[in-house]
Amino acid sequence: LTMILSLLLSITQTSSHNTKNNLMLLFMISLIPISPLLNNNKELTMSFSPLISTTTENINISITLDTPSLLFLPVALFITWSITEFSSWYMHTDPHNNKFIKYLLTFLIAMLVIITANNMYQLFIGWEGVGIMSFLLIGWWSGRQDANTAALQAIIYNRMGDVGLIMTTLWLMTTSSMNLQELLMQSETTSMIPTAGLLAAAAGKSAQFGLHPWLPSAMEGPTPVSALLHSSTMVVAGVFLLIRLHPFLYNNKTMMTMSLIVGATTTMF
């Protein structure tokens, strides 16, 4: 939460130098809990104010720090910090350089929401946030027709994959809990609906075979955007989704086989 709040504060700043220092500091902070939590095989969960409150269910803003999130957090922060350093030089002639840096930070915040989410609502918010910001970043040079086409292509292919995540979320909403910890404890289900949805969502976000044409087109955006999408964030979000909800796939051998086939086909292609 401190990281997200710090990044939100950085967005309001006009100095890219302060932004880079904040990212460096957050990267250092993200390394602190790795050793004590991983060595003791523990995870930390924190709940805050309600995200959604209805007569039947209350969904709190909940953050979890477990093995996947502890490993992905420093990577995402370090890569974004490095790209921000590069962007301050590469985009220095752009009149809207500060706005570009803010877009990068907003993208990072959405990714951190995905990594630390402890319920499907937060994960979906971060998931869509990453998609929206990728559209804005790829189409940064809006005066170029190819950049606009690439941005539109990225959002369309990602929305096709997002149908899978929506399908999974709706299925879980009607049959189970939206809390990830409870979901993983109830993961004995072998239903094809949630697992197929997860695989489709991951394939779209990670540009797997069939939903891949948007990725090479993303090179039409500024070089820092290509670096961000192709490294630790956008493309890896699909992989992280499968890691986070792996028990669903583990108990469904058909979907595990399909995941292997999709990955192998993409590699060979």
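Yeah, the Cβs are placed from backbone N, Cα and C, and that goes for glycine too.
Record features, source TrEMBL:
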- 1-16: signal peptide (SIGNAL)
- 21-39: transmembrane segment (TRANSMEM)
- 54-100: domain 'NADH-Ubiquinone oxidoreductase (complex I) chain 5 N-terminal' (DOMAIN)
- 100-118: transmembrane segment (TRANSMEM)
- 117-268: domain 'NADH:quinone oxidoreductase/Mrp antiporter transmembrane' (DOMAIN)
- 124-143: transmembrane segment (TRANSMEM)
- 155-174: transmembrane segment (TRANSMEM)
- 227-250: transmembrane segment (TRANSMEM)
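Per-class residue totals from DSSP over the domain 'NADH-Ubiquinone oxidoreductase (complex I) chain 5 N-terminal' (54-100), listed helix then strand then coil: 28 helix, 8 strand, 11 coil.
Residues belonging to the domain 'NADH-Ubiquinone oxidoreductase (complex I) chain 5 N-terminal' (54-100) score a mean pLDDT of 83 in the model. Within its own chain, the transmembrane segment (124-143) has Cβ neighbours under 8 Å at 100, 103-104, 106-107, 109-115, 117, 150-152, 154-155, 158-159, 162, 165-166, 169, 201, 205, 217-218, 220-222, 225, 228-229, 233-234, 237, 241, counting only residues six or more beyond its boundaries.
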